[in-house]
Amino acid sequence: MPSTVTDSSESSPSMKRWTIVDDMADAMFPSKEVAKERSFAIFGTRTRFVIMVLVLFCLTIIWSNILTFNFAIVCMVPDNKTTNSKFHEFTGSEKSIAISVVAAAALAGNLPVVLLINRFGIRTVFTVLGFLSGAVTFLIPFTIHHGFGYLLVCRVLQGLAFASNFPVIGAFVARWSYHKQNGIFVSSLVAYVQLSPAITNPVSGALCDSLGWPSIFYVHGGATVVIFTIYALVYRNNPGKHPMVKQVEFDKISRNKVSPMNKKAVSKVPYKAILKTPAIWGIWFASIGNFVLVNTVFLFSPTYLSQVLDLKTTSTGFSSALPPIGQFCVKIIIGFISDKIHFLSEANKFRMFNTVAFVGSAILLTVLGFMGTDNKSMNVLLLTLSTTILGAAAGGFYKAGPVISKQYSTFVTGNLSLGLTITMLILPAIISLFAPQNTQEQWRNVFLFVSITLCLMNIVFVFLIQGEPCWWTEEDSSTPSSTSQRKVFSIDAPSTDNSSARESSASTVHSLNHDLNSII
C-alpha cells in the first residue's frame, strides 16, 4: 500500500498566489450558495424595522415639501429683516388656491398612482415621484418670482407625488410586516403626518431668519433627492430578495400570508364587495374627522400662532412643531400597546383607542376656543395636547384598515388619503369663512367646527367597525359565509444548505403579491 506523500508545491509561492486570486474571485463573484450564506444581515433579524424607518423618512419629506409653502408665506412679510429674500405678498384667495390645488392633484392622482404601484411596485413608482417632489420644491422660489401660474404647476406636481403616500403604506405593510406587528408598523408609518411639521416648522423658522425664505425650499428639495437616492438603492419590493434579510426573518415576514392557490381570482380586487362593507366606510369616515384636525393644526397653526397669538417667526416655528411631536410619540406608543393588549377583542380595541383620540381632542379644542390670548403659553399647551391625544387613533381606524382588509389593504388604506386630500381641499375656504380677520373669537368657531366633526365621525366609526377580517379576504370569497375558514400558509424554514428553497419560497410570495391588485 503506497504511503501518503505531501506535495511540496502546496506551500510554494506560486500556489499561494493562486490561492489569493481564488479568494478574491470568490469575494467578488460568489456562488449562489455563498451569496446566501454571506447575505449582508448587518441588522440581524430586524432589517424590516430599518427599512420601515427609511420608508418613514421618504413619506415625511414628501409631506414636508408641501408644508414648506405654508410656513414660507409667514416669512414673506415686509418687516422680515433677511437680506437674501424678496418680499412677495399673496392675497387670501391666492393662498387658498395654492393650498387647495395640492389636494385636488392628490385626489385626482390617487387612482392612477395605485394602478402604477400595482403594476411596477413602490420601489420604482415611489422613487420617481420622490425625485419629482424634490425637483419642483427646489424650483418654487423661481416660480414665485415669475408668476403665480408657475407656482400652481409646481404645487400640482407636489400633490401628485403626495398621492402615493398612503398606497405606499398599504403596500409596504402587506409585504414587509410580520402579522403580529401590524400595529407598530402602521402607527409608525402614518406618523409621517406628524413628523413632517415637527421637523419642517422649526427648521424653516431658523432658515427664514438666517438665510431668507427661499432657503426653505432649497434645503427641502435637496434633502428629498438625498433621501430618495438612498431609498432607491436600499429598498426591495420583495423582502425575500433583499440581501440584508436573513432566512429566519424572511420566514417570519412570510407567515400567515394568503395562499396563492387561485392566483387569477386573488388578483381581482373585490371593489363592489369592499364598497358594500359598512366597516370600511366607518374607517373612511373616521379618516375625515382625523384629518379635519390634522390639516387645521398642521397647515394653519403657523397662521394662528403668528397672527392670533402674535408670536415671532422663530417662536412660531418651534411652537407649531410641538403638537406634531407629541402626536408622533403617542402614535408610536399606542401602536406598541395595541399589539400587546389581549384582554379586549380587536373591535373593542379599535373603538376604545379611537374614542380616546377623537373625544379627547374635541374636549381640549373646545376649551381652547373659549380661552383668551392673555396666557399664550396655555394656548400653545392646549393646542399641543389636543393634537397629541389624537395620536391614539393609531390603535383605532388606522390599524383597523390593514387588519380587516388584509391583502387588499393598499386599496382600503390607500383611500385614507381621500380623507386627507378632501379636507385639505375644503378647509381653506372654511377657515377663511370662520376666521377672516384671524381673531381669537373667530378661531373659536374653527375649533368648535373641528370638535363637532370629530365627535360625529367617531360615532359612525364605533357603530360600523368590526374586528375580524372581512369575508372577501378569504380565498373562496364569492359569497359571504360565517362558516367558511380562511386558508393561510406559512413558509417552512429551509435547511441552510439548500439555497434554492429560499428562492422558491421568495418566488411564491413574490408571485402572489405581484398579482394582488391591491398590494403591488
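Don't overthink the numbers, they just go from 1 along the chain as shown.
Glycine too: its Cβ is placed from the backbone N, Cα and C atoms.
Those TrEMBL annotations? Automatic predictions, nothing curated.
Features as listed in TrEMBL:
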type	residues	note
TRANSMEM	49-77	transmembrane segment
DOMAIN	51-469	domain 'Major facilitator superfamily (MFS) profile'
TRANSMEM	97-117	transmembrane segment
TRANSMEM	124-144	transmembrane segment
TRANSMEM	150-172	transmembrane segment
TRANSMEM	184-203	transmembrane segment
TRANSMEM	215-234	transmembrane segment
TRANSMEM	279-301	transmembrane segment
TRANSMEM	321-338	transmembrane segment
TRANSMEM	350-372	transmembrane segment
TRANSMEM	378-398	transmembrane segment
TRANSMEM	410-434	transmembrane segment
TRANSMEM	446-465	transmembrane segment
REGION	475-520	region 'Disordered'
COMPBIAS	493-520	compositional bias 'Polar residues'
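For the transmembrane segment (279-301), same-chain residues at least 6 beyond its ends with a Cβ under 8 Å from one of its own Cβ atoms are 67, 70, 99, 193-194, 196-197, 319-320, 323-324, 354, 357-358, 361, 365, 383, 386-387, 390, 393, 396-397, 400-401, 404-405, 412, 415-416, 418-420, 422-424, 427, 431, 446, 449-450, 453-454, 456-458, 460-466, 470. Outside the transmembrane segment (350-372), and at least 6 residues removed from its termini, the chain residues within Cβ reach (under 8 Å) are 286, 289-290, 293, 334, 338, 344, 378-379, 382-383, 385-387, 389-397, 399-400, 440, 443-448, 450-452, 454-455, 457-458, 461-462, 465, 467.
Taking Cβ pairs closer than 8 Å, the transmembrane segment (184-203) reaches residues 52-53, 55-56, 59-64, 67-68, 71, 165, 169, 172-173, 176-177, 216, 219-220, 294, 298, 301-302, 316-318, 320-321, 323-325, 327-328, 331-332, 334-336, 338-339, 391, 394-395, 398-399, 401-402, 413, 420 in its own chain, all 6 or more past its ends. At the 8 Å Cβ threshold, with sequence separation of at least 6, the transmembrane segment (124-144) lacks contact with the transmembrane segment (378-398), having fewer than 3 such pairs.
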